[in-house]
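One structure is given below, encoded as structure tokens.
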Amino acid sequence: MSSSATALVLDDGFARELPEMALAWQAADAPNPRLLVLNEPLAADLGLDAGWLRSPDGVGFLIGRSLPEGATPVAQAYAGHQFGGLVPRLGDGRALLLGEIVTPDGGRRDLHLKGSGRTPFARGGDGLAAVGPMLREYVISEAMHALGVPTTRSLAVTATGSDVVRETMLPGAVLTRVASSHLRVGSFVYAALTRNDDLLRRLADHAIARHHPAAADAERPYLALFESVLDVQASLIARWMLLGFVHGVMNTDNMTISGETIDYGPCAFMETFDPATVFSSIDHAGRYAYGNQPAIAAWNLARFAETLLPLIDEDADTAIGLATESLGGFGRRYEAAYTEGMRAKLGLANDEAADGLASGLLELLADNHVDYTSFFHALTAAARDDAEPARGLFADLAGVDAWLARWRDAGPDADAMSRVNPVYIPRNHLVEEALAAATDGDLAPFTRLLEAVGAPFDERPGLERYAEPAPVDFGAYRTFCGT
Ligand code: AMP
Ligand code: MG
């Protein structure tokens, strides 16, 4: 257990192996740092002593100001397609990779800051972040983790003591983020654009060693890398879809090589089932709508494949043929993961029965404007012979009754359902309520929300309001990027 900065080792594997993509930089100072929330179980997983992290030295570490000897924080370079348009140079404008921690169980985790000041990649931005959006990333990423979805984690949010200028003045904060790595599709786009094949190869080898080691032994390791990423992304997007999660900004710089969900900006959970659901204030065309996410993932993977072509085969036509064939497998893999997950949500063992039931159900949910999460929770009760909560969600009673009868005939397992259908998700009105209070200095609603969504499958008395959809007067929900 590391209980001081000096006892800690922060490795610089990324910066050492890929110096062209790592710009040494320091975190900005904070006039009056104050720890708002610390993830003690995650600290323990990382081998960090929570008591120390709460001390002034530990808080200095969490904002990147008191680092172990030899640590070399860097801003990472990457490119990205933002809403489909290529931006050749994005990079960490307000973030830093502090280094990599080797955990007690032998894993390697990036320790990363968000809101740590301007870097040379900041363009017009101020390099800062506000308390609300950083707590938002904290609670939603931790909810995703508790829901079993691969994700970056949140170790801490520290208020800086200075204000940031948004539409109003807001208290500033730094998020300390933990991830398997921060390698993105956009990292490969950046490397490919340099036309330096040696850099591209080193990046691909680095990604293989770190995330997809089996690819090293394949006949074509870089094609195998592509297929491994395709696999983890197909499975990830299926998880999002099964939970009603809308990422909101699936730019290629926000898609990881590890298969973890990253960048909790304008994301939100869908309430009423509707494939056209969009929350982001800037997503006017609905590019990143709930129902578009699998297609966008495939689009992003095509951009990834393009970067790998020179490594896949010397002959461009051969490389394109191989990559195209692999990319064609995405739909199949996604469908398989989604179908299996939907079968589990319905509590069914028989795939064929589940398939027919699922498509009919989604239509019913859409037509009746049913809250997606509440429905599956209520359906779990229906599997225990209380169908009234589920029926109560529908205007078309004849329609739902006919569906329920077919579903019951397939023999649903209530206990299995309660393990995959959450009772509590970070609902938009509760998130807003918690962040507004925290911005005014009251962390109690945030702490309660975090407790509810931290054990999402475990229904507890007293938490009824955390299981309910937003009141109608909450209205249409809008979220924002770059906050
Ligand atoms: P995101 O929308 O968070 O994925 O960020 C996209 C790009 O904008 C990245 O290069 C970020 O580093 C950069 N960025 C977002 N907000 C800021 C900010 N306040 N200051 C500097 N750069 C920012
Ligand atoms: Mg991003």
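Each residue's number is its place along the chain shown, starting with 1.
Every residue gets a Cβ built from N, Cα and C, even glycine.
TrEMBL labels come from automatic prediction, so no person has curated them.
Small disclaimer: the values here were computed from a predicted structure and weren't measured.
Taken verbatim from TrEMBL:
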BINDING   Gly91, Gly93, Arg94, Lys114, Asp126, Gly127, Arg177, Arg184, Asp263  ATP binding site
ACT_SITE  Asp253  active site, proton acceptor
BINDING   Asn254, Asp263  Mg(2+) binding site
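Locations of recorded TrEMBL features on the structure.
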residue : record                       : CB count, 10 Å
Gly91   : ATP binding site             : 23
Arg94   : ATP binding site             : 22
Asp126  : ATP binding site             : 16
Arg177  : ATP binding site             : 28
Asp253  : active site, proton acceptor : 23
Asn254  : Mg(2+) binding site          : 23
Asp263  : ATP binding site             : 22
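With a cut-off of under 6 Å between the Cβ and any atom of ligand 2, the recorded positions Gly91, Arg94, Arg177, Asp253, Asn254, Asp263 reduce to Asp253, Asn254, Asp263. Ligand 1 lies within reach of Arg94, Asp126, Asn254, Asp263 from the binding-site residues Arg94, Asp126, Arg177, Asn254, Asp263, judged by a C-beta closer than 6 angstroms to any of its atoms. Note: the Cα of Arg177 (ATP binding site) and the Cα of Asn254 (Mg(2+) binding site) are spaced 15 Å from each other. In this structure, Arg94 (ATP binding site) belongs to neither helix nor strand by DSSP; it is coil. Between the C-alpha atoms of Asp263 (ATP binding site) and Asp253 (active site, proton acceptor), the distance comes to 9 Å.
Note on proximity: among Gly91, Arg94, Asp126, the binding-site residues of the record, the Cα nearest Asp253 (active site, proton acceptor) is that of Gly91. Under DSSP, Arg177 (ATP binding site) is assigned to a strand (E or B) in the three-state scheme. Those residues noted as binding ATP (Gly91, Gly93, Arg94, Lys114, Asp126, Gly127, Arg177, Arg184, Asp263) have their most widely separated CA atoms at a distance of 23 Å.
Under DSSP, Asn254 (Mg(2+) binding site) is assigned to a helix (H, G or I) in the three-state scheme.
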